[in-house]
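What TrEMBL says about this one:
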| type | residues | note |
| --- | --- | --- |
| DOMAIN | 4-173 | domain 'Flavoprotein' |
| BINDING | G10, A11, S12, S37, S88, M89, R90, T91, R123 | FMN binding site |
| BINDING | Y153, R169 | dimethylallyl phosphate binding site |
Amino acid sequence: MRDFVVAITGASGAVYGKRLLEAMHDMPDVRAHLVVSPAGWRTVTHELGMSVDELSSLADIVHDASDVGASIASGSFRCQGMVVAPCSMRTLAAVAHGISDSLITRAADVMLKERRRLVMMVRETPLHLGHIRNMATVTEMGAIVCPPMPAFYLKPRSLNDIVDQAVARVLDLLDVQHELAPRWTGGLAAAA
């Protein structure tokens, strides 16, 4: 069994965390730990119209964001990776500066110190220099900054296709096998 943490913060894009949980829910060898910040719950309710129970049912284990003593807050807990989907600029800044003031930021700090995979789906536009510097800092610390950018070359037909493609990239980064989205097989015409 492979354990992964899915954290949802208050940035817009709660659908990414939800879709990641749905994909992992169908994988018998994956156990998903869910942590949602208070602002994340507000975003889930507003953007997805989901209750706490509905979203929680997609995870194997749900942790309270204030429980810094949870299993995932320790490096001794064998966890293969963590995804912050979506990742607010506040969470990014806290991780970049080692501020472990919630279970989300503590678990992210553990991923970095233990040299485990941390994927941060940052969601903000436009970016100011502080945002960019924080992205550089977490990258230097070992995290992967993975903004959910649409891959229009795959010709998505719906919002669901765009979300699936972004989540598929995250699963690839976690080395989790899936068939969530099509892969590029070539075919662009030569540049004129």
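Here the Cβ of each residue, glycine as well, is placed from N, Cα and C on the backbone.
Predicted, not measured: the structure shown is a model, and the values here were computed from it.
What TrEMBL annotates, mapped onto the structure for a quick look.
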{"residue": "G10", "record": "FMN binding site", "DSSP class": "coil"}
{"residue": "S88", "record": "FMN binding site", "DSSP class": "coil"}
{"residue": "R123", "record": "FMN binding site", "DSSP class": "coil"}
{"residue": "Y153", "record": "dimethylallyl phosphate binding site", "DSSP class": "helix"}
{"residue": "R169", "record": "dimethylallyl phosphate binding site", "DSSP class": "helix"}
Most Cβ neighbours inside 10 Å, all chains, among the binding-site residues R90, R123, R169: R123
Cβ-based neighbourhood (8 Å from the centroid) of the FMN site, residues G10, A11, S12, S37, S88, M89, R90, T91, R123 excluded: T9, A39, G40, P86, C87, L92, E124
Averaged pLDDT score, the domain 'Flavoprotein' (4-173): 98
C-alpha spacing of R123 (FMN binding site) relative to Y153 (dimethylallyl phosphate binding site), in angstrom: 21
Whole-number Å value for how far R169 (dimethylallyl phosphate binding site) lies from R90 (FMN binding site) (Cα to Cα): 23
Integer Å distance between the CA atoms belonging to S12 (FMN binding site) and R169 (dimethylallyl phosphate binding site): 19
Largest CA-to-CA spread of FMN binders G10, A11, S12, S37, S88, M89, R90, T91, R123, angstrom: 15
For the binding-site residues S12, S88, the one whose C-beta sees the most other C-beta atoms within 10 angstroms: S88
Site with most surrounding Cβ atoms, counting all protein chains shown within 10 Å, from the binding-site residues G10, Y153: G10
